[in-house]
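Quick look at what TrEMBL lists:
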{"type": "TRANSMEM", "residues": "19-39", "note": "transmembrane segment"}
{"type": "DOMAIN", "residues": "26-479", "note": "domain 'Major facilitator superfamily (MFS) profile'"}
{"type": "TRANSMEM", "residues": "83-106", "note": "transmembrane segment"}
{"type": "TRANSMEM", "residues": "113-132", "note": "transmembrane segment"}
{"type": "TRANSMEM", "residues": "138-160", "note": "transmembrane segment"}
{"type": "TRANSMEM", "residues": "172-190", "note": "transmembrane segment"}
{"type": "TRANSMEM", "residues": "202-224", "note": "transmembrane segment"}
{"type": "TRANSMEM", "residues": "286-310", "note": "transmembrane segment"}
{"type": "TRANSMEM", "residues": "322-344", "note": "transmembrane segment"}
{"type": "TRANSMEM", "residues": "387-407", "note": "transmembrane segment"}
{"type": "TRANSMEM", "residues": "428-448", "note": "transmembrane segment"}
{"type": "TRANSMEM", "residues": "454-475", "note": "transmembrane segment"}
Amino acid sequence: MAGGVVVNTGGGKDYPGKLTMFVLLACIVAATGGLIFGYDIGISGGVTSMNPFLMKFFPSVYRKEQEAERNQSNQYCKFDSQLLTMFTSSLYLAALVASFFAATVTRVAGRKWSMFGGGVTFLIGAALNGAAKDVIMLILGRVLLGIGVGFANQSVPVYLSEMAPARLRGMLNIGFQLMITIGILCANLINYGTAKIKGGWGWRVSLALAAVPAAIIAVGALFLPDTPNSLIERGHTDSAKRMLKRVRGTEDVEEEYNDLVAASEESKLVAHPWRNILQPRYRPQLVMAIVIPMFQQLTGINVIMFYAPVLFKTLGFADDASLMSAVITGLVNVFATFVSIVTVDRLGRRKLFLQGGAQMLACQIVVGSLIGAKFGFSGVAEIPKAYAAIVVLFICAYVAGFAWSWGPLGWLVPSEIFPLEIRSAGQSINVSVNMLCTFIIAQAFLPMLCRFKFILFFFFGAWVVVMTIFVALFLPETKNVPIEEMVLVWKSHWYWGRFIRDEDVHVGADLEMRGANGNGKLGGGAQ
């Protein structure tokens, strides 16, 4: 397999230990940090399709929409407004900036306090949005929500990867993506209900209820234990050893503890992680931290999730039907994520990436063709219900493909590949690139829909081809590999190995020897 790395069962060292109830509960609580991100993704598209919300804050969009419906004019362009997309995308710009500050907080104070700060900030933003009197207040609330998302997305995936046993890291880390999908689904259901509230104030309920997931992660973070990695990094070695015994459910943690200490000692030699991450030996991790989140957004998924109600309205669905269609895609998203949870540590990351990419590409071609056949370039058409149902079916298949591949793995893989000395900086780059690309696509989607028409689906389909080829060639398999031994995966890769010298591998003395002479469990090269 081109670009593959063979990892035998157990990959690297098979540390003693089991999945304890303590670790499971800690990971579930931490993963709820994904609720705030998911809730926001789902809620923003719903409220921007509610007429009372548009009338109050974006009257020009409301007039354009009414005119389009009266005159049967171009359906592609009726929601095109830079101010409307700024409402949605301002959050992601704020999250981008916040992620750099979150990197320092995560490293100096620990992962849990970064989560707590994110929850509290999101809570304040939700209150501002629910009480908004004008666009300025609305966008200020969105900025605070974005800061909360930046902190949560920085700390939660790293926390989950550090707490989980290596053989179950994928399953537990994907809890974050599962919570994102649950947040999206809850938001869609709430929008469906609040849109029916007489008096036109339902949008306030939708926006204010973001306080619920914010309170869950803020309160939950207070009860979370620190990870052994974080405790060692901050000099609490005795506490780290006690915590490692507790999270692994065994007294036999000496080997894993020594590897964590070795990694910590290595990290202390790095005074400037932001400068050091540019060194050749970190080249594979740096590339992945930039490319994976960028590709995750270029799948086009947030086009569907942000604007699902708007998109379905554009397809000719009535208000209720468009929101209901968004609920359906939200349900598909949640259930398909469970597929990834069950399979990621068995099949591995690469197989899910490649299968999901093929499925998304096929669905984008079909959806683009179906919309193009009816709307053409004029954007004027009546779509029969059965025809629209087929479009929804393929959109759901596309969402399913994303939900068990690029959705969860886009967060999992970057969070598990960084050595401790650059982990906070690397995760910060991962989050900031994700937020930057999300911001650009959220800001550009409605103008692109207006200008590209149905070709937009083929545009994102072309990117899916590029990213699937990239994974096939350059992403090694990382399942079952202890997080502090990941350097050996890159060292044995057919391309990335050229950037890593033998003397750059420091993962405990015995492991270093095995990695250098090739007798470890990690096989090398393109297979």
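Including glycine, each Cβ sits where the backbone N, Cα and C put it.
Because TrEMBL annotations are produced automatically, they should be read as predictions rather than curated entries.
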The transmembrane segment (202-224) vs the transmembrane segment (113-132): 3 or more CB pairs under 8 Å: yes
Positions whose Cβ lies under 8 angstroms from the transmembrane segment (19-39), at least six residues beyond its ends: 111-112, 115, 118-119, 122, 145, 148-149, 152-153, 155-156, 159-160, 163-165, 168, 172, 175-187, 209-210, 213-214, 216-217, 220-221, 223-225, 246-249
Stretch with greatest number of CB pairs under 8 Å, the transmembrane segment (428-448) reference, 113-132, 322-344, 454-475 candidates: 454-475
Average model confidence [pLDDT] within the domain 'Major facilitator superfamily (MFS) profile' (26-479): 85
